[in-house]
Amino acid sequence: MANSPGSNPISHSSSLGAPLLVPSKEPGWDSGPGSEPQKVCIDDMLQNYCGEFGYWQMKHFVLTSLAWALEAFHTMVMIFADREPGWRCVGGLGCDEKESNVCGLEPGSWEWEGGPGSSTVAQWGLVCGQKYKVGLVQALFFGGCMIGAGVFGHLSDSKLGRKGSLTAVCILNAIFGCLTSLAPDYSTYLLLRFVTGFSTGGVGLCSFVLATEPVGPTKRGVAGMSTFYFFSTGIALLSGIAYIFPSWRALYVASSVPSILFLVLVVPFISESPRWYLVRGKMNEAMKIMRTIANSNGHHLPDGVILALDDEANDNDASNGNQIWKAATVEKEAISGSIVDVIRSPITRIRLFLAVGINFTCSVVYYGLSLNVVNLETNLYLTVLLNAVAEMPAFTITAVLLDKFGRKPLAIGTQWFSAIFCFMGSLMGNVGISKVIRMCCGLLGIFGMAGTYNLLFIYTAELFPTVVRNAALGCATQAAQMGAILAPFVVVLGGGFPFLVFGVCGLIGGMLAYYLPETLNKPLYDTMTGLEGELA
């Protein structure tokens, strides 16, 4: 899965001397002589005035998270479109159906079940010496995801915003997906899958951040863990869609139409993140959303309460009161950040390095086990459906334990849980009872790693402040896509070796997680200054 990628922080403020980011006076504010605005950060405003997860957040969360199903469609469609269908003899001479493959058969003595349009493999003969081209398509798709995650991670933190970036990637996905169904040859198909990966790489990233940022601190962790139910549901639905549309061309159209429906029926009802408005200096827009949240949740936001960045929220003492209120009459220049700022800071640099390593190893295991269903010699539609369903209990269990044990112990435990069963799977054969045990080891392995994959989006988001959060998540997602690029090549090796590789990756990922800080009940910072000042 791509997934993605919330927190459970306590309220936070500091008295660092940064300029206040507030707007001109708005109607209804008490700006009389001697009056002072109460400056609070977004988390405090959600907790004390607006509600942490009321009707507004619930609606916004569900609508935004539907984009995860779209990512599942565009990512996992390759399992069905690029499958190797069954074949049968037609000529009698020079054909033996006992053969394991068609490589040694006489041309014209056999045919693909379902015809050449059943999959890209049958369409362009991607078997025998051409089989590597299937893995190449999958690898280039994830390569496009890696590039797109970085590009749209930056754009969502800067000019486009979270909603603008999500809209852009959905438009591109719909266009590229439909064009893929018209690909006249393998080279065109390869190119279109690459550009589809480019746009898909930003879907889950933008959706996750947009869905969780308006949620209050004590509810954000569980909410963030719940986003991946939509991804697994998307995979399950895709199994049914693929069963209904056996032709690979029709399947690409059918899996792209939901993106169009999302743009028309869902996007108009999604709001931009108030946190993004805040750090971009658009205080009026941020306050408008906060008032809407409060009203929808049945709460009241007093006129004298205004938003401030976390490193400014406590700068409200009486001696500076008049100066503060004067600052509240002007718009301030937007605060922005980039991956360069993340690398420049020793604190975030180490966190980024560890997050990148963990996302890489986790992705190798998760996507490797997901793609390995083609080697199980079972009903493909049913197997993919069962794998999707098997992930959901992992999400539930991890969400329940998230606030009890913290992010760090769960990140370590789930990866090592998966590693243990992957190591066991590597010792099993592929016949008799050993084959059944290996299949069970694979299910338990993906069960553990699905929990890790879900947790990583939340954990990574909590490690970085708002101004660089999507940029950092973009880097982590890029690392995950690099792992996904490697996964198909590990799978084609077959036998017990892939399980051994997955076990080693899970073990290393757990070791890297050991060096990350715990973020349970810690602040979700807005600026680099706020983060560094608190930890100094």
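Any Cβ shown, glycine's included, is placed from N, Cα and C.
The compositional bias 'Low complexity' annotation in TrEMBL covers 1-15.
Taken from TrEMBL, the feature domain 'Major facilitator superfamily (MFS) profile' applies to 60-521.
As annotated by TrEMBL, region 'Disordered' applies to 1-36.
Marked as transmembrane segment by TrEMBL: 134-153 (among others).
The annotation transmembrane segment is assigned in TrEMBL to 165-184 (among others).
Annotation source TrEMBL lists transmembrane segment at 190-210 (among others).
The transmembrane segment annotation in TrEMBL covers 222-245 (among others). For the transmembrane segment (222-245), the residues of the chain that approach it from at least six positions outside its boundaries are 1-4, 6-7, 53, 57, 61, 65-73, 76-77, 80, 204, 207-208, 211-212, 215, 251, 253-255, 381-382, 384-385, 387-389, 391-392, 395, 398-399, 402-403, 450, 453-455, 457-458, 461, judged by C-beta separation under 8 angstroms.
Panel annotation: around the transmembrane segment (251-270), residues 59-60, 63-64, 66-67, 69-70, 73-74, 77, 80-81, 163, 166-167, 170-171, 173-174, 177-178, 180-181, 210, 238, 241-242, 244-245 of the same chain, lying at least six beyond its termini, place a Cβ under 8 Å from a Cβ of the stretch. Marked as transmembrane segment by TrEMBL: 251-270 (among others).
If you look up TrEMBL, you'll see 352-369 (among others) marked as transmembrane segment.
Residues 1, 8, 76, 79-80, 221-222, 225-226, 228-229, 232-233, 235-236, 238-240, 242-243, 370, 373, 410, 414, 443, 446-448, 450-451, 454-455, 458, 520 of the same chain lie 6 or more positions beyond the ends of the transmembrane segment (381-402) yet place their CB under 8 Å from a CB of it. According to TrEMBL, the feature transmembrane segment maps to 381-402 (among others).
For 409-430 (among others), the entry in TrEMBL reads transmembrane segment.
Beyond its flanks by at least six residues, the transmembrane segment (436-459) meets 1, 3-7, 204, 208, 212, 220-221, 224-225, 227-228, 232, 355, 358-359, 362-363, 365-366, 369-370, 372, 376, 386-387, 390-391, 393-395, 397-398, 402, 407-408, 410-411, 414-415, 417-419, 421-422, 424-425, 428-430, 473, 476, 496, 499, 502, 506, 509, 516, 519 of its own chain at Cβ-Cβ distances under 8 Å. The transmembrane segment annotation in TrEMBL covers 436-459 (among others).
Counting only same-chain residues 6+ beyond the ends of the transmembrane segment (409-430), those with a CB under 8 A from a CB of the stretch are 358, 361-362, 365, 369, 394, 398, 401-402, 437-438, 441-442, 444-449, 451-452, 455-456, 459, 495-497, 499-500, 502-507, 509-510, 513-514, 516.
Here the domain 'Major facilitator superfamily (MFS) profile' (60-521) returns a mean pLDDT of 84 for the predicted model. Within its own chain, the transmembrane segment (352-369) has Cβ neighbours under 8 Å at 1, 142, 342-343, 411, 415, 418, 422, 442, 445-446, 449-450, 452-453, 456, 459-460, 463-464, 472, 475-484, 486-488, 490-491, 498, 501-502, 505-506, 508-509, 512-513, 515-516, counting only residues six or more beyond its boundaries.
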